[in-house]
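Engineer: The structure follows.
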Amino acid sequence: MSSNATDQTGRLDPTERGAFLGALIGWVFDYYEIFLVSVLVVPIAVEFKLSTEEIGFIFSIQLLFLAIGGVFFGWLADRIGRKSVLILTILIYSIGTMARGLSANYAMLLVFTAFAGLGIGGEYGVGQTLVTETIRRGRRGFFSAFLYGGSYLGIVMGALVGGHLTPVIGWRLTFVLSGLPVLCALWVRRHTPESEIWLQKRAKTPAILALPTGIVGRRYRRTWLLCVLAAALQFFAYYGAASMLPNYLVHHGSSIAGASYWLIFTAFAGAIGCATVAFLSDRIGRRASLSFVAACACFGGLWLAFGWHQLLTGRMWILIPFFILFFGSNGASVFGALFSESFPAEIRATAVSSALQIGRGLSFFPPLIAAFLIPRFGYQSVVFLSAGLFGLLALVAWLFRETAFTETEADVEMIEVRHTDPLGTRA
């Protein structure tokens, strides 16, 4: 263990680094897969002759099964361990992604999308829990935000592969090749440690680790519901604005490659926002960081909605509000540390993963809402709605208990582990 659990300086030790990289690998390919679908849905819609509503349902099914996977695999991680479940979720979404390339019809595509969604939903909450239980408090906010920042690398990869490789090899082979992250499971198995906090808790209270009801116990019910609310606002707003964008641009004359550049730009803006959160989280606190980025997204969204017609006419000033919107769409980069510091090890993976993915799964509705609104009121109506939700999130942030500057249960658990290993001889 690090000599100082609250130290804000110094490099990660091998155990911390292994936990972080294992979680990061899974998370990068999680978002790669999600945004690859947002590009591939264009040629899929042509081949299967899909309506706008059917396209929206693909995204909605994926988001619904993210929630199911988040609840189940979070509970499983509290029962059998963080590392084992991290490997399992990577295997599931890799296999599901490859299988989509074999879809003979729309129904099969939905089934494989649901299967992949289970693995995607389970990965992040479990990986974040492992990071929280391994990395010292003074660096936890930074690396939790950095972990979420891996999503932007995944978005760029998905946009480049979907926009430039798919026109050459087709959407089916693109899906098959995109199942290669299954190989990452081998790296995680070899280099990523199990959480010592979880191992210690399992040895002391094995029965408690098997109970999924701890989330909604009286002590943690309000906190968990608040986490679900914050996650739902974040993902409602984000997926509402982003999920249908490539399809919308292509229908208004852009090429698939051109639409992919817009996704890359959103990833660029998001990465800068995520880096900002990483810098701020351990300095000004989780609540202020969350409120700041959500308020930025609200402001950028309102500005963008009022000037939406400029997006299609090519005037470059529209990049400014577009940048601000996606710079601020980073509330989830705060969630990792904020949520996981709010629960004890016995229920941490269950609580964090279920709250994140139920919030994300409730985003089953935004693509359907977007598919309904866009033909009738234009894309700017969706952006207006997203801006309002981000504004509400900026206020909800202040309902949380600040965890950056106080000793949390995660810190106490880490100190207990250190006392059992005073020489820092963690495997």
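A Cβ is built for glycine as well, from the same backbone N, Cα and C atoms used for every other residue.
Annotations in TrEMBL come from automatic prediction, not curation.
If you look up TrEMBL, you'll see 19-405 marked as domain 'Major facilitator superfamily (MFS) profile'. The annotation transmembrane segment is assigned in TrEMBL to 20-45, 57-77, 84-102, 108-130, 142-163, 169-188, 223-241, 261-280, 292-311, 317-339, 351-373, 379-400.
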Engineer: Any residues 6+ beyond the ends of the transmembrane segment (169-188) with a Cβ under 8 Å from its own?
Structural biologist: 22, 25-26, 29, 32-33, 36, 40, 43-44, 47, 83, 86-87, 90-91, 93-95, 97-103, 161-162
Engineer: The transmembrane segment (84-102) vs the transmembrane segment (20-45): three or more C-beta pairs under 8 Å (separation of 6 or more)?
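Structural biologist: Yes; at least 3 Cβ pairs under 8 Å.
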Engineer: Looking at 108-130, 261-280, 292-311, 317-339, 351-373, which one has the highest count of Cβ pairs under 8 angstroms to the transmembrane segment (57-77)?
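Structural biologist: Maximum Cβ contact count belongs to 108-130.
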Engineer: Please indicate, using numbers and ranges, the residues of the same chain that are 6 or more beyond the transmembrane segment (20-45) and have a C-beta under 8 Å from a C-beta there.
Structural biologist: 12, 54-55, 58-59, 62, 83, 86, 89-90, 93-94, 97, 109, 113, 116, 120, 123-124, 127-128, 130-131, 134-135, 143, 146-148, 150-155, 157-159, 161-163, 166, 170-171, 174-175, 178, 181, 184, 187-188, 191-192, 242-247, 250, 256, 259-260, 263
Engineer: Cβ pairs under 8 Å only, please: of the recorded stretches 142-163, 223-241, 261-280, 317-339, which one is richest in them relative to the transmembrane segment (292-311)?
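Structural biologist: Against the transmembrane segment (292-311), the leading stretch is 317-339.
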Engineer: Can you give me the average pLDDT across the domain 'Major facilitator superfamily (MFS) profile' (19-405), rounded to a whole number?
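Structural biologist: Mean pLDDT across the domain 'Major facilitator superfamily (MFS) profile' (19-405) comes out at 84.
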Engineer: Cβ under 8 Å, sequence separation of at least 6 from the ends of the transmembrane segment (261-280): give me the contacting residues as numbers and ranges.
Structural biologist: 35, 38-39, 141-143, 145-146, 148-149, 151-153, 155-156, 158-160, 163, 242, 245-246, 249, 254, 288-289, 292-293, 296, 319, 322-330, 333-334
